[in-house]
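Novice: To start, I am sharing the structure in question, which I have written as structure tokens.
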């Protein structure tokens, strides 16, 4: 028992002597570690505020630096919509950048603290490199999804509410994440598309859209008269509500788009707000077809009517049968099928 007490006393004396000899170094190292942590905290705070400044305008009319290309590509009539879109992108991009800067700052600080403690960094970095390579091989699809999501947001390829075609699916964007984009198609089906699988994007809602209205005419119709009537009816329609709120520029009659064995097709185009092209198409088509009927302009293959006997026939004969593509059938250009 006496030997044990002597050993403890000796060890205590040695520890006290070591501390008395090395306490300046210990205090210096501790101070350096505290200083490193304080600098890391201050650097993280400064970088986060810098990111906020880059992704948020100081006023409603000031376009953030990272989001300026969007304003340059879009008409001024979409100011409110673009403002909401910028805010959404700013929040997402800002969150990603803040996470990256936090990881880099605190990771660098951890390496510096280990160096102050006398730990060799080369083996640590080598082990981290090997682990990173193994993780990269095992989760390369996940990494690709995240990188694709980041670039899609930075380039503003699409946002929530846009109607897009991403290849595997087409529909309205309901959510944009770093890994997955969520779409809902016209049938109500929700599609979850990995960002790494999206090779090309067709956006029908960015900046502006074009409502394209194709109008079939019979060969007996006066094309010049029909063209003037289309221009007049469309110009009057877009100046009245509810179309006036969606139309950005006056309608333009392009003329004859195509000639087939059954009909001559006129094409009308109108530049409208994004996502409103289909509603404008339906409204204009209904008004113009009603004007054609009132003006007696011949539809394709003559006018097909229901005869008093219940059979389908032309205006000149109640016994003939309506062919495919006539007004008695549903054709690809009919307002029932088209958007």
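Using N, Cα and C of the backbone, Cβ positions are placed for all residues, glycine too.
Note that TrEMBL annotation is computational and uncurated.
These came from TrEMBL, pasted as-is:
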type     : residues : note
TRANSMEM : 26-47    : transmembrane segment
TRANSMEM : 95-115   : transmembrane segment
DOMAIN   : 100-140  : domain 'Mechanosensitive ion channel transmembrane helices 2/3'
TRANSMEM : 121-143  : transmembrane segment
DOMAIN   : 141-204  : domain 'Mechanosensitive ion channel MscS'
DOMAIN   : 212-298  : domain 'Mechanosensitive ion channel MscS C-terminal'
REGION   : 308-339  : region 'Disordered'
COMPBIAS : 308-333  : compositional bias 'Low complexity'
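Help me see these features in their spatial surroundings.
Specialist: If you look at the transmembrane segment (26-47), the same-chain residues 6 or more away from its ends with a CB under 8 A from one of its CBs are 19, 98, 101-102, 105-106, 108-109, 112-113, 116-117.
Using a Cβ-Cβ cut-off under 8 Å and counting only residues 6 or more beyond its ends in the same chain, the domain 'Mechanosensitive ion channel transmembrane helices 2/3' (100-140) has close neighbours at 29, 32-33, 36-37, 39-40, 43-44, 47-48, 51.
Per-residue pLDDT, averaged across the domain 'Mechanosensitive ion channel MscS C-terminal' (212-298), gives 89.
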Novice: Within the domain 'Mechanosensitive ion channel transmembrane helices 2/3' (100-140), count helix residues (DSSP H, G, I), strand residues (E, B) and coil residues, in that order.
Specialist: 36 helix, 0 strand, 5 coil
